[in-house]
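J.: The structure's right below; bear with me while I get my questions together.
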Amino acid sequence: MTISNTRDITPELIEAHGLKPDEYQRILELIGREPTFTELGIFSAMWNEHCSYKSSKKWLRTLPTSGPRVIQGPGENAGVVDIGDGDCVVFKMESHNHPSYIEPYQGAATGVGGILRDVFTMGARPVAAMNALRFGEPDHPKTRHLVSGVVSGVGGYGNAFGVPTVGGEVNFDKRYNGNILVNAFAAGLARHDGIFLSEAEGVGLPVVYLGAKTSRDGVGGATMASAEFDESIEEKRPTVQVGDPFTEKCLLEACLELMASGAVIAIQDMGAAGLTCSAVEMGAKGDLGIELILDHVPVREENMTAYEMMLSESQERMLMVLKPEKEAEAQAIFRKWGLDFAIVGKTTDDLRFRVIHQGEEVANLPIKDLGDEAPEYDRPWMEPGKHAPLPASNVPQVEDYSAALLKLIGSPDLSSRRWVYEQYDTLIQGNSLQVPGGDAGVIRVEGHETKALAFSSDVTPRYCEADPFEGGKQAVAECWRNITATGAEPLASTDNLNFGNPEKPEIMGQLVKAIEGIGEACRALDFPIVSGNVSLYNETNGQAILPTPTIAGVGLLPDWSQMAKIGGMQDGDTLVLLGGDGTHLGQSVYLRDLFDRADGPAPFVDLALEKRNGEFVRSAIRNGQVTACHDLSDGGLAIAVAEMAIKSGKGATLDAGDGLPHALLFGEDQARYVISATPEMAKLIALNAEGAGVPFRILGTVGGDRLKISKNVDVSVADLTQAYEGWFPNFMNGELTGNN
């Protein structure tokens, strides 16, 4: 039977495809006629925010993307960074926000699958994963269901595929009630001479479809991810893809085997907008046309239209340009792994994107205008307002600082994430040196005696809401600081920019200023952005999420035997604060969680100080002077030393200095670390800090089973541990909500 590929193009249909009237007018001018239904779908997919970055491209160009170790920056499936000895690390972070809210298990699972494919498409074997998750307030009726589904989906896919989850974040805020965020990160290892790109080369070469069969799942997924949610959200469930990690594992092995055979000219995974996006990107990058014959596409559903095949986001699929003489060898490899292998088209020299179905041409479009030359907007934006200064003396103190510390360390945002990461395989592959729960995840580099990689993912959305510029700087600085706190040298980063509707000038202003802050920090800290993703329209019924520009980074440890952890304190050690005393309580968790206030400015990030203090800490760790190290962030000094006490199972008696106790204990000033060292080493560190111009304070001594800070805090490590470990399992068991 003949499948109908025609449909009348009406204003309603155009609007349903997310195309504005001026964009449709541009299509008419480009092709000189009315588009076919399939062509309308192709334009819709390629010109939406998810694929084209049309609202953010202008600003993304301002980010620093090069450096002495950068082999491949943005524009490919993932970034590539040199780690010496002919090895490189390949990594990226990407969002799967909209699908995960609609169908949490599959949305999160396919988010993990998609980011792993981005990495192994480049020729790298995945070695580490992270995920940064944001959920609504704990007592919202959907939150527990969403947490459970997302965590199960992340674990279900990553564990079965066989990649360790080494880190991540989980936050709760009412601004995510209607739009959760699932940002997935993956990193892989490859050789310099084994990197594969998506740029097609050569005319008349076979275009090959690899992997799983195509079905209707995920049709329109990229378009859905470029729109706000409203009351019709349940109708969007069919646009969520379904993943199979075992097929993906076979695809990984088949691709790496094929790459080693020398058969691959270009390769691209099928992610957002599926066959459309992968074919267009390969052709447009290589200044070639592509002709596809859809009758050759392996399908698992009957009577699929050209539109459905072109826009399906079925998982575990790749598109490749192949050396013709290697066809039989390539096919044998994929058959061995039980995967589909089909020649579905060829490269051409006419820069046209042609799609044939049932002998009929259903699309014939200029390939460059779909890809590189998609519309780009300079959207109007508004400078974000500033919060009035908030001196610590104007912030109320609490009567009982021990109770305040217990409440904060047992709160939704600061409590242990053990419930989450124990559902992930953190040790598979056997190279994990630091698992989640510290400052950064660390894995050994396979085949190298001493080399290791450190990974962290960070952002403080409430800072970004108060001041997108400082918040953007702080996200980069904290990621850099977390990597540094292990002793690793931060090499490069990837950004995942999650914002509301860019058509609103105040939201666009958040995006512009956050990118500006990120760029300034990356330049100052030599931490270039080598890959990334933008997720806009994270709004429901007009309510936007907190601006959340997540930064994930990778660092290099030349010798993992000289590495710091947060739980290494020994009895008799001296604790030293490197960096200034706490003074800043604006936008702090102290203010938010104890007084339900969100006023004051975000903390200022002095990037020169960040660099100086961080480099000093790193050299102390690498010189073997440090037994434990932890950076200071949410909750300031008191939370940092409490976490070190919990992880070490040891108490400490400390003096935080003279001043306002709430600021000294809970101030969130930046560029600070706490280290522990033997008394002799602590003296040497203090002497060196003085010489290097790094502010420091000798805090006190490790020992006993209580944490005592000045005359304000006196609490047992057992009580701290109970509060810290208790909130998440109690919440998921339905025993509490909110900040109880």
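Glycine residues also receive a Cβ, built from the backbone N, Cα and C atoms like all the rest.
From Swiss-Prot, here are the annotated features:
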- HIS50: active site (ACT_SITE)
- HIS96: active site, proton acceptor (ACT_SITE)
- TYR53, LYS92, ASP495, GLY532: ATP binding site (BINDING)
- GLU94, ASN533: Mg(2+) 1 binding site (BINDING)
- SER95, HIS96, ASN97, HIS98, ARG117, GLN241, GLU313, SER314, GLN315, SER535: substrate binding site (BINDING)
- ASP118, ASP269: Mg(2+) 2 binding site (BINDING)
J.: Please identify, among the recorded positions GLU94, HIS96, ASN97, ARG117, ASN533, the one with the smallest Cα-Cα distance to ASP269 (Mg(2+) 2 binding site).
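T.: With Cα distances computed to ASP269 (Mg(2+) 2 binding site), the winner among GLU94, HIS96, ASN97, ARG117, ASN533 is ARG117.
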J.: Using a 10 Å radius around each Cβ and counting other Cβ atoms from all shown chains, which of the recorded positions HIS50, LYS92, HIS96, ARG117 yields the largest count?
T.: HIS96
J.: Roughly how many Å lie between the Cα atoms of TYR53 (ATP binding site) and HIS96 (active site, proton acceptor), rounded to a whole value?
T.: 16
J.: Of the binding-site residues LYS92, ASP118, ASP495, GLY532, which one sits closest to GLU313 (substrate binding site) when you measure Cα to Cα?
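T.: Comparing Cα positions, the candidate nearest GLU313 (substrate binding site) turns out to be ASP118.
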J.: Listed binding-site residues are ARG117, GLN315, GLY532; which of them have CA atoms within 10 A of the CA of GLU94 (Mg(2+) 1 binding site)?
T.: GLY532
J.: Go through the recorded positions HIS50, ASP118, GLN315, ASN533 and tell me which ones have a CA within 10 A of the CA of LYS92 (ATP binding site).
T.: ASP118, ASN533
J.: About how far apart, in whole Å, are the alpha carbons (Cα) of SER95 (substrate binding site) and ASN533 (Mg(2+) 1 binding site)?
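T.: So the Cα of ASN533 (Mg(2+) 1 binding site) lies 7 Å away from that of SER95 (substrate binding site).
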J.: Hey, for the ATP site built from TYR53, LYS92, ASP495, GLY532, who else sits with CB inside 8 A of the CB center?
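T.: Apart from the listed residues, the neighbours are LEU60, PRO74, MET93, GLU94, THR494, ASN496, LEU497, ILE529, SER531, ASN533, VAL534.
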J.: For GLN315 (substrate binding site), which of the recorded positions HIS96, ASP495, GLY532, ASN533 has the nearest Cα in space?
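T.: Going through HIS96, ASP495, GLY532, ASN533 one by one, the Cα closest to that of GLN315 (substrate binding site) is HIS96.
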J.: Report, in whole Å, the straight Cα-to-Cα distance of ASN533 (Mg(2+) 1 binding site) from HIS50 (active site).
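T.: On Cα coordinates alone, these residues lie 8 Å apart.
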J.: Determine the minimum-neighbour residue: among ASP118, ASP495, listed as binding-site residues, which Cβ has the fewest other Cβ atoms within 10 angstroms?
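T.: Per-residue Cβ counts within 10 Å for the binding-site residues ASP118, ASP495 bottom out at ASP118.
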